[in-house]
Amino acid sequence: MTQTLQVKSRINDYPIIFTDDIFQPLNQFLAEKGDVKLLFITDQTVFDLYQPLFRRFQQDYDSYLHIAAPGGQSKSLEEVSRIYDRLIRANFSKKDVIVTVGGGVIGDLGGFVAATFYRGISYVQIPTTLLSQVDSSIGGKVGVHFKGLTNMIGSIYPPNQIIVSAKFLDTLSEREFACGISEMIKIGFIHDRKLFQQLLAFPKDRNQEQLRQMIFQAICHKKRVVEKDEFEGNLRMSLNFGHTLGHAIEALCHHELYRHGEAIAIGMVFEAKLAVQQQLLSQQDLEALQAAFEAYQLPTTLEAKSMTAEALMTVLKTDKKNSGQHIVLILPTTKGYVSFPIAKHDSRLLDWLRSLLDIA
């Protein structure tokens with residue numbers, strides 16, 4: 001059964017297509033494009049898992065393949081340069097198409113290449129992780145890391161279509177699955193407490209139909225937010241809950257020790273503790289949030305003792321979400337969220353990092 005959500009965008013509208021047959025919507029899109037070349041971008045892990053799929057891609061289409069190393073280190077200008085070289089050697093034109101097949105790193109990387117090659121060519125996202133299906137593939141954010149700083153270079157460039165197949169989730173490790181759940185917990189805690197409660201109960205039964213429904217709900221919430229605030233003026237900032245500190249943690253561990261979903265889980269608990277301190281959130285809500293992460297074996301405290309509050313502060317001061325001389329945190333409230341700017345020179349933040357993260 002195929003189901004389609006249409007996302008409205010000020011750049012170009014695009015569909016999110018839920019299907020077990022990824023070829024049908026891809027073929028339909030390519031038929032409208034005419035005679036085109038395709039570059040499939042993936043990573044070694046996904047390629048090894050789905051070699052028959054990539055063989056069929058090569059059989060069915062005039063296509064080329066770029067395989068990146070797995071992990072956040074591939075989200076770099078060096079990898080972008082390698083892909084540019086491949087496109088130029090293959091004589092790609094502005095009418096040709098990039099197709100990303102992978103998780104958030106591959107989607108962001110391929111989307112950034114599509115946004116910048118010939119000042120923009122078409123691209124399709126086929127997200128293969130839970131995190132990329134419910135979050136990173138939707139909304140048009142593309143980009144790469146730069147000199148250890150997370151997502152420092154990027155753009156808003158929506159895909160021409162997103163093809164979501166739950167079949168890809170069958171090969172996810174428990175750790176990768178939990179990272180996707182982390183983003184769903186974020187959406188539920190801020191925007192839909194009923195979804196949050198379902199996620200809290202889900203580990204006990206693992207009903208696959210319920211999982212599909214929760215994925216659909218999470219995607220609907222992300223769609224609603226990015227349609228109302230595509231360029232992150234206000235409402236979309238809510239989706240940065242946990243990400244200010246989370247991105248700093250990722251940067252300091254070079255995108256290796258903690259995966260994205262794990263780093264933002266720590267960030268969300270930190271911001272929730274701060275919200276309790278500011279009397280914006282109840283202790284009961286904080287404990288429920290911690291329980292949700294613990295149910296999926298997600299970290300809620302910083303275990304990398306080598307990270308100091310001073311080192312985190314240094315990275316936080318470079319965060320792209322900052323406003324002037326203020327670091328912007330997103331604090332959850334009983335009924336939603338608030339943007340919480342704090343001056344970069346304010347010593348309270350250093351104290352909060354030390355006390356709430358229990359680090360030096």
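Yeah, the Cβs are placed from backbone N, Cα and C, and that goes for glycine too.
Annotated in Swiss-Prot:
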BINDING   Gly104, Val105, Ile106, Gly107, Asp108, Thr128, Thr129, Lys141, Phe168, Leu169, Asp170, Thr171  NAD(+) binding site
BINDING   Glu183, His243, His260  Zn(2+) binding site
Self-check item: His260 (Zn(2+) binding site): nearby binding-site residues from Asp108, Thr129, Phe168, Cα cut-off 10 Å
Solution: none
Quiz item: Which one is closest to Glu183 (Zn(2+) binding site) in space, judged by CA to CA distance, out of the binding-site residues Gly104, Asp108, Asp170?
Solution: Gly104
Exercise. Starting from the Cβ centroid of Glu183, His243, His260, the recorded Zn(2+) site, name every other residue in that chain with its Cβ within 8 Å, sequence order please.
Key: Leu131, Asp135, Ser136, Ser182, Lys186, Gly242, Gly246, Gly261, Ala263, Ile264
Quiz prompt | Diameter of the NAD(+) binding set by C-alpha atoms, the set being Gly104, Val105, Ile106, Gly107, Asp108, Thr128, Thr129, Lys141, Phe168, Leu169, Asp170, Thr171, in angstrom | solution = 26
Quiz prompt | Other CB atoms, at most 10 A from the CB of His260 (Zn(2+) binding site) | solution = 26
Quiz prompt | Three-class DSSP secondary structure - Ile106 (NAD(+) binding site) | solution = helix
Exercise. Please report the DSSP secondary structure of Thr129 (NAD(+) binding site), reduced to three states.
Key: coil
